[in-house]
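Colleague: Copied straight from TrEMBL:
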COMPBIAS  20-34  compositional bias 'Low complexity'
COMPBIAS  73-84  compositional bias 'Acidic residues'
DOMAIN    127-649  domain 'Major facilitator superfamily (MFS) profile'
REGION    1-84  region 'Disordered'
TRANSMEM  173-193  transmembrane segment
TRANSMEM  205-223  transmembrane segment
TRANSMEM  229-250  transmembrane segment
TRANSMEM  262-286  transmembrane segment
TRANSMEM  306-331  transmembrane segment
TRANSMEM  411-440  transmembrane segment
TRANSMEM  485-504  transmembrane segment
TRANSMEM  516-537  transmembrane segment
TRANSMEM  543-562  transmembrane segment
Amino acid sequence: MSGQHGASYPSVPSEEDVDSAATTLRASASSSKAQSLDGGLRREDGVGADIELEGWNGGGGRKRVSGGRGGEEDAEDTADDGDEAVGHENEHLLHSLDSTLDPILPLPPPPDKPRPVSWSSLPSKGQLAILTLSRLSEPLTQTSLQSYMFYQLKSFHAPSQPPPTDSTVAQQAGILAAAFTGAQMLTAVLWGRLADDERVGRKKVILIGLLGSAIGSLGFGFSRSFAMAVVWRAVGGMLNGNIGVMRTLISEVVREKKYQSRAFLLLPMTFNIGVIIGPILGGLLADPVGSHPGWFGAEYQGWLARWPYALPNVVNAGFLVCSAMGVVFGLEETLEGLRGRMDWGLRVSGWVARRVFRRKTTGTGYEALAVGDGEEEGDIELVGASTLERNKITPPHRPTTTRRKLPFRRIWTPTVCFTLLAHGLLAMHVGSFNSLWFIFLSTPRYTPNSTNNDHNSTTLHLPPNYTPHPPFTFTGGLALPPPSIGTALAILGVIGITLQLLLYPPLSFHLGTIPSYRLSLLLFPLSYTLTPFLAILPSSAPAPAPASGFLVWTGITALLFVQTLARTFALPATAILVNNSSPHPSVLGTVHGIAQTVSSATRTVGPVVAGWAYGVGLERGVVGLAWWGLAGVAVVGAVAGRWVREGSGWEVFLEGEEEEEREAVERGKG
């Protein structure tokens with residue numbers, strides 16, 4: 001047989017070698033290498049050299065070789081010498097084939113595609129719930145006053161004097177907004193530094209912010225003059241640096257990036273819930289004596305008559321105090337140096353849980369580490385902070401052997417600077433929209449064939465011989481009363497919460513943070529450009545009555561859909577980008593404080609300038625002046641967004657930290 005092929009064969013392979021070769025060859029019978037074998041090795045008698053081995057017995061047992069014209073012939077070993085020679089020939093042939101073929105291993109399974117994160121998989125749900133409720137109480141306060149602020153400002157005048165003009169009220173509304181944000185601008189960095197200080201920490205800063213907002217809300221509700229209202233708004237802003245600290249807490253509670261898009265969505269989503277409840281609450285509770293005289297009687301002279309706009313602020317202060325109690329008794333400190341220290345609020349709540357609700361507590365012995373919802377065993381990143389402390393486990397990706405802090409001068413990396421620039425411009429035009437929107441809804445409608453100068457709160461004050469010439473020269477608002485303003489503002493929240501629950505998670509997952517952020521910035525100029533045209537939509541009620549009808553409310557809803565769609569993607573993305581731009585974990589709270597300072601500064605300047613431009617536009621009969629200027633700012637913000645990139649959260653390493661990080665990762669893998 002060897003003479004027929006004209007080849008010499010090496011020694012007989014071992015049993016293990018043949019077994020491997022047989023397995024490899026059979027597994028690859030239809031592969032390209034098997035096909036090349038079929039065409040490359042031919043017997044002289046025309047029989048193909050395709051070989052299929054059913055099994056191998058090292059002791060010379062039964063073997064099956066199929067080949068030749070379709071592979072239909074079988075060869076059976078016998079005990080005679082001739083058949084043994086054939087068997088040895090097959091062994092040599094198999095070894096020769098094995099030496100020419102590389103082992104063909106099975107391909108690894110394709111990697112699983114990343115799946116969108118669900119709400120139920122978020123870690124530390126209890127801590128996130130407390131932060132969400134704390135955040136909810138603040139927009140309740142901020143948005144409820146928008147439904148009646150126009151009329152409260154109109155009431156700030158002596159009985160013998162006429163009420164202030166609409167342009168004056170627009171400017172005063174901008175000043176009130178600036179008083180709050182300006183005070184925040186001056187103190188936000190301070191609160192951020194205190195949140196990073198082990199003598200204070202995150203929890204105390206949030207507690208002070210909630211109680212400070214309650215004090216400012218009460219003072220504003222009982223104000224009797226514009227100056228007093230400005231002072232109390234400034235007090236509320238000065239004592240409130242919570243939004244930056246809350247974002248810091250979320251980033252420390254939810255460390256893994258794949259969960260951040262959902263976790264950071266909680267704050268704007270909660271804001272939209274407040275936007276739904278707050279304006280409706282404010283519109284219903286404002287001036288209850290004037291709105292429902294039959295409930296109180298003509299002789300009523302109590303505190304609700306003396307301070308007609310105090311009741312919604314009293315209710316808001318109650319919400320804030322309840323949120324503060326939740327922080328005291330439920331929120332855990334996340335600052336590294338304060339974790340595990342005695343917290344009397346948590347101890348009291350634990351004692352109540354044991355004694356009142358009869359919840360079992362664990363002993364002092366060792367116990368297995370519980371795996372929460374959405375957590376996998378061995379995934380320390382997803383274990384809550386309290387669980388880590390209880391089990392004395394430190395996340396491997398954050399070395400904690402030393403507690404060094406990045407100097408303030410080294411914070412200003414290009415990533416931080418570009419992110420803060422885009423963040424400030426976004427805050428400017430969004431804050432200006434919030435300030436102008438309820439003023440525009442409250443502004444009297446333009447009445448044709450009238451002087452529009454009756455010096456009261458139901459008519460405009462226009463230049464002599466004024467004639468509108470659309471699409472640019474026209475004026476007036478919608479003249480909506482507080483309950484209708486509350487409804488219009490609530491539409492903003494309803495659309496926002498719907499988009500955030502149904503549209504944002506899948507699109508943000510597929511597009512990514514940066515693309516969705518940049519695309520959303522393009523929608524703001526469109527919404528600002530179209531806003532003033534609501535004043536000239538056909539209404540079912542003639543002026544000066546409040547605008548109403550299908551077209552009016554359809555236009556309001558469509559406009560707010562565009563505005564809210566832009567906010568739904570821009571605001572959570574901005575929070576993530578600011579958080580990840582931090583150059584070092586030790587200054588995370590400081591970076592959020594700086595970001596809040598920047599946003600407060602732009603939200604201070606923006607509403608003041610926008611209110612002034614809106615007043616000038618009303619005096620000249622061009623109500624769109626402020627809105628179109630706002631669209632120009634939004635265009636600049638969209639351009640600035642092209643420079644923003646997503647950081648890692650740790651770009652600057654102090655001396656020795658890279659080695660510590662590497663060792664910690666190796667220990668975690670071990």
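Note that the numbers count up from 1, one per residue, in the order the chain is shown.
Note that Cβ sites are derived from N, Cα and C of the backbone, with glycine treated the same way.
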Colleague: Relative to the transmembrane segment (306-331), which of 262-286, 411-440, 516-537 accounts for the most Cβ pairs at distances under 8 Å?
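Modeller: Per the Cβ under 8 Å count, 262-286.
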Colleague: Verify whether three or more Cβ pairs under 8 angstroms connect the transmembrane segment (173-193) with the transmembrane segment (411-440), leaving out any pair fewer than 6 apart in sequence.
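Modeller: Contact confirmed: at least 3 Cβ pairs fall under 8 Å.
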Colleague: Against which stretches of its own chain does the transmembrane segment (262-286) lie, if we need a Cβ under 8 Å and a gap of at least six residues from its ends?
Modeller: 117, 119, 122, 128, 131-132, 135-148, 151-152, 243, 246-247, 250, 253-254, 308-309, 311-312, 315, 482-490, 492-494, 496-497, 500-501, 504-505, 564, 567-568, 571-572, 575-576, 579
Colleague: Same chain only, please: residues at least 6 beyond the ends of the transmembrane segment (173-193) with a C-beta under 8 Å from a C-beta of the stretch. Say none if there are none.
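Modeller: Apart from its flanks, the transmembrane segment (173-193) reaches 149-150, 153, 205, 209, 229-231, 233-241, 244-245, 248, 431, 434-435, 438-439, 589-594, 596-597, 599-601, 603-605, 607-612, 614.
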Colleague: Under 8 angstroms, Cβ to Cβ: which one of 229-250, 516-537, 543-562 has the largest number of such pairs with the transmembrane segment (205-223)?
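Modeller: If we count Cβ pairs closer than 8 Å to the transmembrane segment (205-223), 229-250 scores highest.
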Colleague: Give the mean pLDDT for the domain 'Major facilitator superfamily (MFS) profile' (127-649) on the 0 to 100 scale.
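Modeller: When the pLDDT values over the domain 'Major facilitator superfamily (MFS) profile' (127-649) are averaged, the result is 82.
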